[in-house]
Structure formats: C-alpha cells, structure tokens
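Q: Please find one structure pasted underneath; my questions will follow.
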Amino acid sequence: MQTVEKLTTETLEKPLIIAGKKFTSRLMTGTGKYPTIETMQQSIEASKCEIITVAVRRVQTQAPGHKGLAEAIDWQKVWMLPNTAGCQTAEDAVRVARLGREMAKLLGQEDNNFVKLEVIPDSKYLLPDPIGTLQAAEQLIKEGFAVLPYINADPLLAKRLEEAGCSTVMPLGSPIGSGQGIQNAANISIIIDNSTVPVVIDAGIGTPSEATQAMEMGADALLINSAIALAKNPPIMAKAMGMATESGRLAYLAGRIPKKSYATPSSPVTGKINTTTSE
C-alpha cells in the first residue's frame with residue numbers, strides 16, 4: 001500500500017506532458033485584465049505556473065496597457081502559449097497563429113509551436129465555434145503546430161480534435177470570465193474518460209474550491225486568468241489557485257471514498273467497553 005509521502009513525491013515528480021514538452025505545474029495562467037503589469041508579474045510568480053497564454057493581438061498593438069507586455073515576462077523561465085483571441089473565423093485564427101509562432105521565436109523560444117486556438121464569432125457569450133475550430137485545427141496541424149483548442153464541453157468534438165492531432169483539448173467549465181464554475185461536469189467527465197491527450201479545463205473557474213473540483217474530476221491541468229486578475233488581491237489569489245490545483249490533483253490520485261446513503265462508524269464496533277452495570 002502506498003504511503004501518503006510516497007504518493008505525494010511521485011505525484012510532484014510526474015510531469016504534465018504536452019506535445020512532448022514536460023511541465024511540473026498543472027496551472028496555466030494568462031496576462032489579461034490585470035490592473036498593472038507589476039501585479040501581473042507578482043501573480044505569475046505566486047502561481048508557480050510554467051505556461052502563460054498571451055493574446056497575439058494584444059502584443060501586436062501599442063495601445064495603453066499593452067506596450068511592453070511581452071517584455072515584462074522572463075520567457076527563459078516560462079513557456080509562452082500564444083492564443084488567437086479575437087478571431088471570429090478559422091482563416092483569421094490561422095493567420096494569427098502564424099504571427100504567434102514568430103512572436104515566440106523573437107522572444108527566444110525557437111522551438112515553440114504551441115497555439116491556444118480560439119475561434120469565437122459570438123461576442124456576447126464568447127462561445128467557441130466548433131466547426132471553425134476543427135477547420136483551423138486541421139490546417140494548423142498540417143503546418144506543424146501543437147494545437148490546444150478551446151471548445152465547448154462537447155465529447156464528440158473533443159474526440160474529433162484529438163483524432164485530428166491536437167495536443168490537448170480545452171473544454172470550458174462555463175463562459176469566459178463568468179466565474180460560474182464547472183457547469184458542464186457530466187460532459188467534461190466524459191471527455192476526461194475518453195481522451196488520450198491532456199484535458200485542460202479553461203474558462204469559468206472563479207474560486208480555488210472550483211479549481212480543486214476540476215482537478216478532482218481528473219482534469220490534467222487548468223487555465224485560469226480572470227479569477228486571478230480580477231481578484232481584490234491577484235497575487236494571493238494566484239497562490240491560492242496554484243495550491244488548489246495541486247491539492248485537487250493529489251485528491252484525484254489518492255481516490256475519494258465512495259458516497260453512501262447511510263452512515264458508517266469511524267471507530268470499530270469490536271472490543272466495545274461494557275458500560276452496563278450489574279445489580
């Protein structure tokens with residue numbers, strides 16, 4: 001029987017592997033919505049994440065709050081995950097992904113072919129386009145990208161993307177920035193059970209307890225941005241999310257007790273002290 005110490009050590013040493021690249025942290029974070037670049041830097045450090053997603057469109061612009069974003073992060077310590085946020089069509093997403101790959105190379109990550117694929121024509125609910133996502137993924141895979149697609153919690157689409165060659169699938173827990181938590185638990189569980197690539201739950205997580213819940217379900221990793229960046233104290237929330245992610249992973253590997261409809265005593269019933277008195 002494994003001891004708690006042995007299980008913990010093995011868990012911490014077992015890496016998350018995406019497209020052949022190993023990561024020890026299972027929490028990914030972003031760069032958007034922070035009040036200042038300094039707060040973003042502190043939060044990234046506190047989270048202990050190793051993958052940071054960056055919107056290619058944000059880095060390309062010189063608008064206030066965007067300038068110097070890429071340079072504010074030490075890309076020797078963390079892996080860049082360029083994303084195609086803002087793209088409404090498959091064609092647009094492919095073009096932006098190509099820019100993202102070049103951007104990663106300019107920042108010193110010559111072998112970085114990662115892209116977080118987002119095709120979102122819906123501006124109100126920010127729900128991803130399944131057809132456009134699959135079309136863009138197929139093209140990007142042909143061009144040698146490691147594609148991490150953001151999708152609805154659709155088990156059939158997840159399998160199609162996996163079969164197309166995607167490096168992960170990234171089902172949403174609930175709409176981006178909503179903080180509604182895991183609203184698609186049944187479908188996400190099906191995706192996890194049937195996937196042979198890492199499943200990264202992306203969007204909707206609002207609290208560390210929800211992050212733990214997602215990892216307890218068997219997710220391989222989480223991508224959390226808004227819940228950290230919009231917290232009253234982002235660095236502290238980032239630390240909490242990092243700890244919650246690790247805690248949930250350990251709980252999943254340890255295995256929870258089965259639920260029962262009746263009580264079971266914690267103490268043994270054998271050897272009870274006779275408390276009755278004889279007359």
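Here the Cβ of each residue, glycine as well, is placed from N, Cα and C on the backbone.
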Q: Write down the one residue from G144, G165, G177, G255 that Swiss-Prot lists together with A203, G204, N225, S226 as binding 1-deoxy-D-xylulose 5-phosphate.
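A: My reading of Swiss-Prot gives G177 as the candidate in that site.
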Q: Can you give the largest Cα to Cα distance in Å, as a whole number, for the residues G177, A203, G204, N225, S226 that bind 1-deoxy-D-xylulose 5-phosphate in the record?
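A: The span, Cα to Cα at its widest, is 9 Å.
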Q: Which are the residues of the chain, G177, A203, G204, N225, S226 excluded, whose CB is within 8 A of where the CB atoms of the 1-deoxy-D-xylulose 5-phosphate site average out, their centroid?
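A: Not counting the recorded site residues, we get P175, I176, S178, G179, D202, I205, G206, I224, A227.
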Q: Would you mind reading off the Cα separation of S226 (1-deoxy-D-xylulose 5-phosphate binding site) from K116 (active site, schiff-base intermediate with DXP), to the nearest angstrom?
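A: So the alpha carbons of S226 (1-deoxy-D-xylulose 5-phosphate binding site) and K116 (active site, schiff-base intermediate with DXP) sit roughly 17 Å from each other.
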Q: What does DSSP say about K116 (active site, schiff-base intermediate with DXP): helix, strand or coil?
A: strand
Q: Distance between A203 (1-deoxy-D-xylulose 5-phosphate binding site) and K116 (active site, schiff-base intermediate with DXP) at the Cα atoms, whole Å?
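A: A Cα-Cα distance of 13 Å.
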